[in-house]
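Heads up: the structure comes next, in structure tokens.
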There are 2 protein chains.
Amino acid sequence: MHHHVEVVVVGAGLAGLACARELSRREIGVIVCEARDRVGGRVDSVLIDGERVELGGQFAGPGQDRVHALAAELGVPVFRTHTAGVHLVEHESGRTGRFRGVVPRLSPAAMLDFAQAEARFERLARTVDPEVPWRGPAADRLDGVTLESWIRRTLLTPAGRRLFALATRLLWACEPAELSLLHALFYVRAAGGLRAVMATDGGAQQDMLDGGAHLLAVRMARDLGDRVRLGMPIRRIAQDDAGVVVTAASGVSVRADQVVVAVPPTLAGRIVHEPALPAARDALTQRLAMGSTIKCMIVYAAPFWRDAGLSGHALSLRGPLAAVADSGSPAGRHGVLAGVLEGAVARRLAGRSAEERRGLVLDELVRLFGPAAARPVAYVERDWNSEEYTRGAYAALFPPGAWTAYGPALRAPAGRVHWAGAETATRWYGYMDGAIRSGEDAAAAVAPRVTGGRTPVSG
Amino acid sequence: MHHHVEVVVVGAGLAGLACARELSRREIGVIVCEARDRVGGRVDSVLIDGERVELGGQFAGPGQDRVHALAAELGVPVFRTHTAGVHLVEHESGRTGRFRGVVPRLSPAAMLDFAQAEARFERLARTVDPEVPWRGPAADRLDGVTLESWIRRTLLTPAGRRLFALATRLLWACEPAELSLLHALFYVRAAGGLRAVMATDGGAQQDMLDGGAHLLAVRMARDLGDRVRLGMPIRRIAQDDAGVVVTAASGVSVRADQVVVAVPPTLAGRIVHEPALPAARDALTQRLAMGSTIKCMIVYAAPFWRDAGLSGHALSLRGPLAAVADSGSPAGRHGVLAGVLEGAVARRLAGRSAEERRGLVLDELVRLFGPAAARPVAYVERDWNSEEYTRGAYAALFPPGAWTAYGPALRAPAGRVHWAGAETATRWYGYMDGAIRSGEDAAAAVAPRVTGGRTPVSG
């Protein structure tokens, strides 16, 4: 069974679908091959008791033009994440405090320490060009150290350090040891700055999509119709002067002029290429591991915390959830809390039973929001590291040395093979917006290369 | 086409072959599936003008019991690497100096600086248990920083730092930024200490194998006969209660009771597993990139440097070769120099033409050994990062955070799937000795699990 098409897109996440959508708009023939039996990649949702609950990426914010434009095109309304009320912070000691804004109150010394570190981080981030983070006179030095080293060197108070480490877990779903300082700076620079990525109001968590972010993928797939093929994990990409043949696990193959691989780099590195990929591209994919996150969604009969003047937003230095957010939709009757287990905690708890994890999560919510939190209508979770076709979230992490050694290989096409995905975005790397942007950019790059010489091939 | 065998070994490097040899000795049925059309993995050699020239691993040393025992068993004589004479060092300035022993002469301040760093490194290394480097009270701290951070903090003189960075490149074929300090300490601890891994006489470069290290692989393969299948890259490993089916790119599959995967972790991570591997094992393979090295072998009509009182051994802080060693065999008529391009230099020069690389390498040899170095009989090189079925050398590198997060997943079997290779060794990690040791250990672990219930299956 052989198909022929101008472009094959590998992966029906937001990047792959946005790429195919843009190609279709240009009247270029495209097939999207998706490994799973669903579209959306790192964005997914489930219907619980009539409530649409998000199991993956869910937030958008100011400056994320592409996700907003796409939502408007697809008729998906955007609403503001609920933040009215007071936020909570749980300290390591178990003591709970209240705060407003982005940063919880610590001792004056720790607050000053954290604020100075934020300012230094922002200043450093402004020296990084997100198009070419491997350039710049300080790139080697910034890429030579872990974010942990920087935190230890920059922050002087234990409480300030703990808060910065918590921010690391929330932004990258990893421990500060796992990240190159340069990558952290690049990421923040590619978004709107440190406050913008941390904040809800006015920041990257400000907006949600009515019906769930997954609806973006579902609607793009609907428009693409039978151009999207599910259950088709791609195992091999063979190219020569005549074109490229993309082969699925089943043995089914598709001939095309160009291919856009829109899956995380570590998964892209598992596809067999003929001829083999250049050494630098291969070496890059050897290094880009995914973050570690388990997302927990807890549905209650009502958002009872709101009545108590609480926003539903909380940070915890004790854990296991690093943060909680009110994820209810305006029309929803239920109360919905989203919680995240991140980095080392996610790894540790992945080894426990679902029952035990649920118990630990609900214990924390009871500590934060009171006894009513013990009785949810539903509790669902998604361990993204266990998902064979994602293998971690939110995004790929650059360890020290990787950007400066292999940065140019991230986006450079290999002959007829092009790259998309949230990791190839030069703005909003790792975000839904970055994914959509990368797909559209890849479509624009591929379109002029499509020959139009469409001879159906059988074989 | 279906075979059935008790154990399938994936990869005919030293680890896979040693494993199969040990299984055969126990009268356990085994097939070794090798992707390439040759055995040996990261060990290879070529015959040039009657001289056996090593393109991969070539050295052994005291304490490397397994490689010595195997050489004796296989009738491969061991000889001492030629070191008689004076060694050379080329400074960044281009100035050349002479030295004896392991460490070249620097200024007194730099010498003291380097010696103190060595001592501190050795002391730290002794705190690491090579069986469980992720344990120990300081593991998190040591795994939170790059070796580069440690060098910057520990050494005070620029010359001392440059020398330690050169040692890093020679030991791990990477830049100090790419390595977790904990990994560097583990590696040295798993060998015989810092001096032992750096030294030729009395150290890990003391011995060579007459006929080439590749002869070990060739002779093991000869003994295994048709148990070794070449040109059979494995793409899929499916296991269930009944057994495991290993499938090659051609579609040919073999049924077995147990599988030993004896390829570098990053390549092991590209094999499709059914059911999917545990998240921790997958996350580990996402992180373990290979070092970057191009090995250059330069053959001369005679070892002319010996007549000048030179050993043929040289270090260069200027490069491109980081080090040169006399690799002639006692019976060989030619002079043979082995040189290595490491880390960032290997990456940079991989992009140049072979002609240009040869010119740069010979220029350095002329600077070191005089004009006679400009006229070799032959020049051969091997870029290990371009090799589809190795993708780097000498071994896998642990970036910060990987040992402490995922260490236990390195050797833990996944059901019927076991792991071998130089990276799973708890002694001489990354060395030929570690590879052989890991294969023998895997055989010992697998042997008791083989049921003996051999029902040939067709399908």
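Every residue gets a Cβ built from N, Cα and C, even glycine.
Worth saying up front: this structure is predicted, and the values here are computed from it rather than measured.
Feature annotation from TrEMBL assigns FAD binding site to A:Glu34, A:Ala35, A:Glu423. Feature annotation from TrEMBL assigns domain 'Amine oxidase' to A:14-446.
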Under 8 Å by Cβ from A:Glu423 (FAD binding site), counting only residues of that chain that are 6 or more apart: A:Pro264, A:Pro265, A:Leu288, A:Ala395, A:Ala396, A:Leu410, A:Tyr429, A:Gly430, A:Gly434, A:Ser438
Sequence-distant neighbours of A:Glu34 (FAD binding site) in its chain (C-beta under 8 A, six or more apart): A:Gly11, A:Ala12, A:Gly16, A:Val228, A:Arg229, A:Leu230, A:Gly231, A:Met232
Maximal Cα-Cα distance (Å) across residues annotated as binding FAD, namely A:Glu34, A:Ala35, A:Glu423: 19
Intrachain C-beta neighbours of A:Ala35 (FAD binding site), sequence separation six or more, cut-off 8 angstroms: A:Gly11, A:Gly231, A:Met232, A:Pro233, A:Ile234, A:Glu388, A:Tyr389
Secondary structure of A:Glu423 (FAD binding site) (DSSP, helix/strand/coil): helix
